């Protein structure tokens with residue numbers, strides 16, 4: 001055996017693969033092993049390779065092969081196996097049982113078997129699609145100093161789902177005692193990446209777990225597939241159908257067949273039952289219906305790519321008795337501004353009285369007023385000017401008229417700012433409820449209904465949030481005997497429209513379509529919305545140890561990059577309601593006018609009371625004195 005040339009070939013292969021650790025299973029003599037190791041440790045090589053020799057002679061049991069011989073913490077460990085050894089077949093069979101022909105091990109299987117013999121040996125082995133297995137066939141050259149090594153790429157698209165062994169010639173190396181060089185290519189493998197050469201799964205039938213909630217599972221598979229394939233009524237089972245259509249695109253990219261496994265829920269608990277449980281126990285290779293990537297699931301699954309958006313909300317119209325606001329006419333200014341403005345008006349009222357007094361006492365008779373107004377009258381003039389009211393009394397002096405000019409100017413500025421703020425407030429969208437969180441909703445007196453979705457019930461059962469526990473106690477447990485607690489999305493949305501104050505909990509991908517169907521644009525803007533649960537992204541999942549992980553990730557990225565994913569998502573997933581308030585006129589309701597009318601009524605009552613007091617005062621306390629002769 002030309003061990004020096006073989007050592008050079010192995011070292012060159014490790015350099016090209018960027019691997020620095022190798023375990024060599026061999027049946028050489030001690031001096032041959034020493035010669036091979038000496039060639040490894042020569043300083044002419046560009047890298048230092050950690051190597052470990054395992055003598056296969058005398059090993060009767062290869063059980064726990066990975067645990068006993070391949071323990072490592074490296075991303076990839078190289079494994080050399082001399083398949084000419086008698087014990088090599090038992091070792092390779094055990095590796096197949098333990099499913100370690102995968103991307104974490106770089107296998108170099110060296111022998112001189114023909115391709116047909118190698119196919120017969122490996123046809124039954126469980127070699128994965130991500131396997132990094134190379135069969136190396138050696139042939140000694142005529143000059144006896146160089147050895148030719150033909151390298152073949154070996155993989156299987158999936159033995160347990162119908163895949164066949166694939167052995168493709170890659171290239172040929174010629175090695176002498178000093179160096180190795182590539183002499184020729186045996187195929188076009190080098191023109192593409194590893195997964196570029198393995199992207200077509202024409203010989204396998206992928207098992208795909210799919211959720212169907214809007215149709216009974218008693219229907220035939222063809223009927224369920226026909227329902228999921230439809231493109232109308234996107235609000236019915238939209239998440240499941242969105243994922244199903246993405247899976248059909250993946251099927252076309254991989255040129256494979258698919259067998260769909262149907263279930264009526266994502267899972268019974270976090271990782272048991274449903275489509276998620278099917279992937280966890282490896283009865284399915286992929287989930288077509290996107291699901292949440294929870295902490296418990298990520299122990300068994302890998303999230304490949306984001307393929308959905310999960311959003312549950314509570315919508316309701318503001319109750320008629322919840323929108324009365326008495327402070328809308330005071331909001332433009334803070335209390336301090338109102339106090340200062342009142343003080344300025346009072347000061348001007350005093351200055352006006354002083355002005356009128358001086359004009360009556362000091363000016364010429366032809367310029368004097370007919371009478372001196374009281375201090376109360378000047379206060380009334382001042383506050384009337386603030387309300388854009390004129391006055392029958394006008395100062396005749398230059399100073400008095402300057403006071404009037406300042407009064408009307410400041411009143412004009414304040415009035416215009418005040419009216420602009422009030423009008424914009426009154427003509428904006430009608431008053432919204434102050435309920436913004438689940439805690440406030442649970443503490444309110446509003447009636448609640450829910451859409452009967454499995455993940456909503458699961459969230460109520462397993463959520464640890466205190467506001468959800470309070471919501472269950474006050475809104476759910478009190479209605480356990482109410483048959484209308486769980487309502488279909490269409491009925492729930494119609495009840496929200498008919499009953500202000502009725503709260504309906506639904507998933508946006510299904511419920512928003514009914515809202516847009518039954519509500520006008522103005523009514524949509526009037527709706528209150530409370531987030532039922534934190535917004536979550538949905539992912540397509542594979543088993544954590546799935547050999548298709550990288551291939552599927554690359555294919556889904558291709559779907560994302562070409563814009564196909566965005567098109568499908570915009571068609572199937574409704575993210576938000578569109579409120580276009582500028583397209584209609586909003587009328588001012590009683591929630592704003594009622595406080596104003598109440599203020600006017602109170603003022604009228606006060607005026608009548610004052611009038612009665614004045615009449616009584618005049619009648620009983622200001623009687624004319626009777627003079628007797």
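Using N, Cα and C of the backbone, Cβ positions are placed for all residues, glycine too.
Features reported for this protein in Swiss-Prot:
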type     : residues : note
CARBOHYD : 61       : N-linked glycosylation site
CARBOHYD : 112      : N-linked glycosylation site
CARBOHYD : 126      : N-linked glycosylation site
CARBOHYD : 144      : N-linked glycosylation site
CARBOHYD : 166      : N-linked glycosylation site
CARBOHYD : 232      : N-linked glycosylation site
TOPO_DOM : 1-335    : topological domain 'Extracellular'
TOPO_DOM : 357-374  : topological domain 'Cytoplasmic'
TOPO_DOM : 396-402  : topological domain 'Extracellular'
TOPO_DOM : 424-592  : topological domain 'Cytoplasmic'
TOPO_DOM : 614-629  : topological domain 'Extracellular'
TRANSMEM : 336-356  : transmembrane segment
TRANSMEM : 375-395  : transmembrane segment
TRANSMEM : 403-423  : transmembrane segment
TRANSMEM : 593-613  : transmembrane segment
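What Swiss-Prot annotates, mapped onto the structure for a quick look.
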| residue | record | DSSP (3 states) |
| --- | --- | --- |
| 61 | N-linked glycosylation site | coil |
| 112 | N-linked glycosylation site | coil |
| 126 | N-linked glycosylation site | coil |
| 166 | N-linked glycosylation site | strand |
| 232 | N-linked glycosylation site | coil |
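Sequence-distant neighbours of residue 112 (N-linked glycosylation site) (same chain, 6+ apart, CB under 8 A from its CB) are 84, 137, 138, 139.
Residue 61 (N-linked glycosylation site) has a Cβ environment of 9 other Cβ atoms inside 10 Å. In the shown protein chains, 20 other C-beta atoms lie within 10 A of the C-beta of residue 126 (N-linked glycosylation site).
Across the structure, residue 126 (N-linked glycosylation site) and residue 61 (N-linked glycosylation site) are spaced 19 Å apart at their Cα atoms.
Counting other C-beta atoms within 10 Å of each candidate's C-beta, the glycosylation sites 166, 232 are led by 166. Between the alpha carbons (Cα) of residue 61 (N-linked glycosylation site) and residue 166 (N-linked glycosylation site) lies a span of roughly 29 Å. As a summary of secondary structure, the topological domain 'Extracellular' (396-402) carries 5 helix, 0 strand, 2 coil according to DSSP. Here the C-alpha separation of residue 232 (N-linked glycosylation site) and residue 166 (N-linked glycosylation site) works out to 42 Å.
For the topological domain 'Extracellular' (396-402), the model's average pLDDT works out to 73.
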